[in-house]
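Before I ask anything, here is the structure I am working with.
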């Protein structure tokens, strides 16, 4: 049993000692079975939320009505959720009501995919009622039970299925795929924010190529913000190794380059996904300096976006980042005498004092002239030299 589970075992033992059932569930169990790095460890129990709160000193109520309580244990936090059954779903995204139960198999039955519906006991025994281990062996993404029922309960599950394709390198099982084609329009009931989370995870997956192609082939792409009508561009984008880029703004910038949108449309597209303003701004900066130019003035104007543009260019051309070349670009950038106007050894206030003039457009124009001369290597970035240069300029 991995260390992540060992650290959480006292919670299971504490619940069991009080007469309750308790198991590890979800993604951590899946990743353990697949010998992958384990993320958050979640626990399912027959204890009610109130009983969980009584048993543990430090808890946080994050949704008791849905059965979930956070337990703080040593330096970790664990989601402890009561076994539950769900009534009919409303709006294709949440159940009308939740009923607490005492059956683990009934609890696991309501989960989205077989690979996520496995549990593990305190002794390390795998409990797999729905063939998750078999599907992992076959590298298949399959829903628990009828796929149409699962997708009508929560339409986001269609995106989750394709996202796991990208992360795990699995294929969509035939019936699950057919249900996506049939029910894809239900995704309209899901908030943009939830779609964005899944789409960004998909782009980060090592098998995003197959996942993007599946989204196009099933028509799922048509239900995503701003992508209907861009099927061909998305097929071209599918061959790009998005997972090789570290920052989310870099992945969005790369996607924009494949879509071929003008700056105004590109910004509107990013806003449709309800991305943070900072991410939008950075992505727009990257595409504005792409393809990267390595002249001093161009590098200066590009700033930090230069490196993102260089990486995207390498990946588009060679599918890999040449770290040595990237270091050479970074070295060239570091050799710039200034990285921003603030780095000039003279300020607008200095100029006003020197000229004995009030503020006006002339200050920005003069700073721009100094900036150009410093970048071109014609003028050292020292106040004394700049003043001398300005004096000689005045005499011309």
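Counting starts with 1 at the first residue shown.
Using the three backbone atoms N, Cα and C, a Cβ is placed for every residue, glycine included.
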Given Swiss-Prot annotates 27, 30, 154, 157, 160, 163 as CTP-binding, which of 84, 99, 111 belongs to that site as well?
111
Distance check, please: Cα of residue 154 (ATP binding site) against Cα of residue 42 (Mg(2+) binding site), rounded to an integer number of angstrom.
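With distance taken Cα to Cα, residue 42 (Mg(2+) binding site) is 21 Å from residue 154 (ATP binding site).
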Whose Cβ, among the binding-site residues 40, 154, has more other Cβ atoms within 10 Å than any of the rest?
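For the binding-site residues 40, 154, the Cβ with the most other Cβ atoms within 10 Å is 154.
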To the nearest whole angstrom, state the Cα distance for the pair residue 157 (ATP binding site) and residue 42 (Mg(2+) binding site).
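That comes out at 19 Å between the alpha carbons.
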Please report how many Å separate the Cα atom of residue 163 (ATP binding site) from that of residue 40 (Mg(2+) binding site), as a whole number.
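With distance taken Cα to Cα, residue 40 (Mg(2+) binding site) is 18 Å from residue 163 (ATP binding site).
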